[in-house]
Amino acid sequence: MTFPIMEFNQTRWNRLLLNSYWIMLILSIVIESSYLFVTEVSSSEFIGLYIVRPTLMMTAILILTELSQRLWQRYSDYILITTSAALALTTNFIHSTVEYLILLLFFPIVISIFYFQYSKLLYSVVIAHVSLVCLYTLNDEMNNSLTSISLLAILFIMLTFSYIAFGVLARGREILINLRSTSESNQELLVRTILMDKLVKTDALTETYNHMAYHEFMENMVQQAESGRMKLHLAIMDIDNFKSVNDTYGHKAGDVVLRKVAAIAKAKVGSNDVVARYGGEEFAIIFAEKDFQEVYDILENIRMTLASTSLEVIDRHSVTISIGLNRFAIGMDKEALFQGADAALYEAKHSGKNRTVIANRT
């Protein structure tokens, strides 16, 4: 199982890791130089053998690593693990009398855990053990100072450390699997919640918001408008003579008319506006952050578009709507805003229909 998240920003982290190798080179020069004051070897010999030689070798290794990183970027992780082994091996070959430096052979295993992949950990374990065998076989001083029992003990410790590293990796991957499973479950739950919320707030026939959603939006918008942070208008639309449409052409035709009115209204309003089916053939539109004239022009556009749209289901006739419009004023609650728009709608209905009437502010 792969974990793409573990490869996030991997190039940057590989660069930081390579930078740390360069820092280690500088620190090794400082530490080696400090031995000049305590060594019994002549200064010129010590500088040549234990400072210049390892510095040149490790610099060459790091330069090769830099070039390899650019040429074979796909294998960048393996190159960096190999580099850590090469640096550890070089240090031990030159300073073979310093026994504790053999701990550097664990370096590739530690680096491999960084990548969180079994293949890279296994690779690091192999090259760490190969490095130890090479060191013991090819370096006479190491061969003389380490007995067979000591070598077996070191191999056993490395195997134990490798086993622990695999355990750490397994535990980490187990946690990641659990986190991913939990995250996917949460995402599925979120999607279901959003869909359920949409179903609860949407009118199934017209796919506009329903009566309940209207009140929820209105409550929030009135609060914002009351604080002076938002312009707010409410329009109530009613389809003229809708009962006769149902009586003459049937309820299926009436449903088509309702869907058409809703579709045109939704197409004309802005993304911040709310179209809701208030009940029956009545729709409410909440306009946010629009000037009065802009709101009025949109409503007239909706009204005239409907009046000029012929519908097959009613023998290519069109329907008209009457509209009542009210503008929010400080101190007005949502009921007062609705009552003003409803009163304007009543006036539109009783003064000829197919018109937009603005609420009286007297």
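Placed from the backbone N, Cα and C atoms, the Cβ positions cover glycine too.
Copied over from TrEMBL, here are the features:
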- 230-361: domain 'GGDEF' (DOMAIN)
- 21-38: transmembrane segment (TRANSMEM)
- 50-68: transmembrane segment (TRANSMEM)
- 100-116: transmembrane segment (TRANSMEM)
- 121-138: transmembrane segment (TRANSMEM)
- 150-170: transmembrane segment (TRANSMEM)
Within the domain 'GGDEF' (230-361) only, compute the mean pLDDT. 94
Taking DSSP states H, G and I as helix and E and B as strand, how many residues of the domain 'GGDEF' (230-361) are helix, strand and coil? 61 helix, 33 strand, 38 coil
Cβ pairs under 8 Å with the transmembrane segment (100-116): which stretch of 21-38, 50-68, 150-170 has the most? 150-170
Checking distant contacts: for the transmembrane segment (50-68), what same-chain residues at least six beyond its ends satisfy Cβ-Cβ under 8 A? 18, 21-22, 25, 28-29, 32-33, 35, 41, 75, 79-80, 83, 86-87, 90-91, 94-95
Folded-back contacts onto the transmembrane segment (21-38), same chain, C-beta under 8 angstroms, at least six residues removed: 46-47, 50-51, 54-55, 58-59, 62, 65, 83-84, 87, 91
Sequence-remote contacts (6 or more beyond its ends) of the transmembrane segment (150-170), Cβ cut-off under 8 Å? 102, 105-106, 109-110, 112-113, 116, 118, 121, 125, 128-129, 132, 136
